[in-house]
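Working notes, beginning with the structure itself.
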Amino acid sequence: MLPGCIFLMILLIPQVKEKFILGVEGQQLVRPKKLPLIQKRDTGHTHDDDILKTYEEELLYEIKLNRKTLVLHLLRSREFLGSNYSETFYSMKGEAFTRHPQIMDHCFYQGSIVHEYDSAASISTCNGLRGFFRINDQRYLIEPVKYSDEGEHLVFKYNLRVPYGANYSCTELNFTRKTVPGDNESEEDSKIKGIHDEKYVELFIVADDTVYRRNGHPHNKLRNRIWGMVNFVNMIYKTLNIHVTLVGIEIWTHEDKIELYSNIETTLLRFSFWQEKILKTRKDFDHVVLLSGKWLYSHVQGISYPGGMCLPYYSTSIIKDLLPDTNIIANRMAHQLGHNLGMQHDEFPCTCPSGKCVMDSDGSIPALKFSKCSQNQYHQYLKDYKPTCMLNIPFPYNFHDFQFCGNKKLDEGEECDCGPAQECTNPCCDAHTCVLKPGFTCAEGECCESCQIKKAGSICRPAKDECDFPEMCTGHSPACPKDQFRVNGFPCKNSEGYCFMGKCPTREDQCSELFDDEAIESHDICYKMNTKGNKFGYCKNKENRFLPCEEKDVRCGKIYCTGGELSSLLGEDKTYHLKDPQKNATVKCKTIFLYHDSTDIGLVASGTKCGEGMVCNNGECLNMEKVYISTNCPSQCNENPVDGHGLQCHCEEGQAPVACEETLHVTNITILVVVLVLVIVGIGVLILLVRYRKCIKLKQVQSPPTETLGVENKGYFGDEQQIRTEPILPEIHFLNKPASKDSRGIADPNQSAK
């Protein structure tokens, strides 16, 4: 017994020493015990039943740590691998080989500690338990004991007060992203700006030759290391409703594909160019990370472009992979991704309750939470730059059909779903049962406050400008009603423009958005350039052919500005110098052509005024009456009804929209009653006419023969009267059926109304 213990301690020395270098301490030997599951969390639906799974969807492990028994509750990660996942390696000759393994099974989990409200875990069960878990502000690292067959594991405690030997610092390139202008807000725009709407970052990771040599034998060793990192990053970002999904890895086996300079900034520029020109030709992704095992002669451990998500060249990061602890590297990856999503370093008073934040500048220990400052910066970034690539869902259409409590989807039988217990921060929802807590009426929504539905008439979405309406709660739903705005064509900005889809587009504002606040609209003479029919002057683009503007439409083609600066990020600008014959002066006419946008935002925005009662629409200057449909809103509110863009009555602020709905409801009932009465009367008349006709026929049968009767045809204006020799009976005609006429325009007597 004693020799065995001594031998085990000898084996543990290098493993423990390695962790001390990283700054962890207080190791403890544990033997995790797998527990049987008492109940399943799913709702009875099956998923991929035809596939034999090696790893279970849900696990429970008991760990005795510091004289306390912890129960680790783990759920298999479902969203950190994309359905189009690929792996690329290189031969000795430099040839790229790409495979698309159908990964139907993996051993990566996320979870929490049972009965510990503020806890989280990111664990791999591939060969024992390996990963990270947290209880309140204390963080732990667990991994199997090397060369042990008895199931022993080591648990290390991160010391929050001792900085790491390899302390973290990062840098950002000097890069400023311009806000994205647009002629109107699309459904995509509203989704990307929605804080509660789920977003997806399709992540691609490249490992350089040094990382491969250190971890790449066999290949699945490096793969599992990268998967563990992404599982950790995904766990962190799910708190922001972002799913970080790995869509591919590329391993630079045998040699690096770019020169890794001693300057990390130069290396980032070189890598950005390579991934755009080479990697993007064979794989689609939102963000790419280079894991480099080289020191790069710098204390900086990571670098990225601030706010570069979804942009060509700029959605790129580099992380130094110099430490064996994947959680530290993953935390740095999450940190750099935060910069790419518009987040800055946290400085006092931006703090997190659990101590460290993801965006702390030192990044010395794993952090799982974002400060309020980081969250606000991210939400502002969504509004300003609209990174629409984050709306693409990298999973099959039926991926979310697997229903269970904790998937953040409101499935059948659920009143709320705030995600797994370790992620749920909603005080209104019971994360274990997915029902509202006693006494509460709602869990989320603009009309939900303190877990109760707001009263009718409360403003849930204030008016953005003079072309918008404030939305008010209905009193019976936690959701804010659909956004309504003033009817298209309503004069705005002192009659300089007309309202269009809730905005007041003008050329002055568009010039400011394209360039900067110093830019203004140029002289009218510039718009003659739109008759040229090239990329800097046209009205319509059909199959990449630039069609020149007609004379009446020149103010609806490319916009021309003067002053201001253009970021090279958007595209190239062109300045023409034209002579103003009236003032004998030179006029500057500046416009823009985008490199990579499908919609040319250099065209005059739709809805922009191009004359009195005229607006631009698809490169034409048209009368508003032809473009917009308006409505005279009846008095459906208590007072002051206004036309809305959806041809609906919109109540003024302070009135509950219920008043509109009730009035419309009464109106609809009144119309229905009138229609029913008319139908009943019509049926009654029809019955009487049929009975009358039967009576006439009966009299004709019973009466003795009489001489022929002549009847004057009142609908005939000829020289002779028409004589009928048969009984005259009333006939039934549809009220809207016109009498037929002969070639002279005279009505047929048989078709005349009786």
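Each position is counted from 1, following the chain as shown.
Positions of Cβ are set from backbone N, Cα and C atoms, glycine also.
Not measured: the values here are computed from a predicted model.
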| request: Among Cys460, Cys467, Cys499, find the residue that Swiss-Prot gives as the disulfide bond partner of Cys480. | output: Cys460
| message | In Swiss-Prot's disulfide listing, Cys310 is paired with one of Cys373, Cys389, Cys405. Which one? | response | Cys389
| said: Identify the disulfide partner of Cys352 as annotated in Swiss-Prot; candidates are Cys357, Cys373. | reply: Cys357
| task | Could you pull the disulfide partner of Cys350 out of Cys373, Cys405, going by Swiss-Prot? | result | Cys373
| query | What does DSSP call Cys460 (disulfide bond) in the simple three-state scheme? | reply | strand
| note | Cα of Cys310 (disulfide bond) to Cα of Cys373 (disulfide bond), in Å and rounded, measures 22
| Including all protein chains displayed, how many Cβ atoms other than that of Cys357 (disulfide bond) lie within 10 Å of its Cβ? | 25
| Which state, by DSSP, holds Cys350 (disulfide bond): helix, strand or coil? | coil
| What is the interatomic distance between the Cα atoms of Cys352 (disulfide bond) and Cys460 (disulfide bond), given in whole Å? | 29
| What count of other C-beta atoms do you get within 10 angstroms of the C-beta of Cys373 (disulfide bond), across all chains shown? | 18
| task | Fill in the CA-CA distance, Cys373 (disulfide bond) to Cys357 (disulfide bond), as an integer in Å. | result | 10
| task | Let me know the model's mean pLDDT on the topological domain 'Cytoplasmic' (690-754). | result | 46
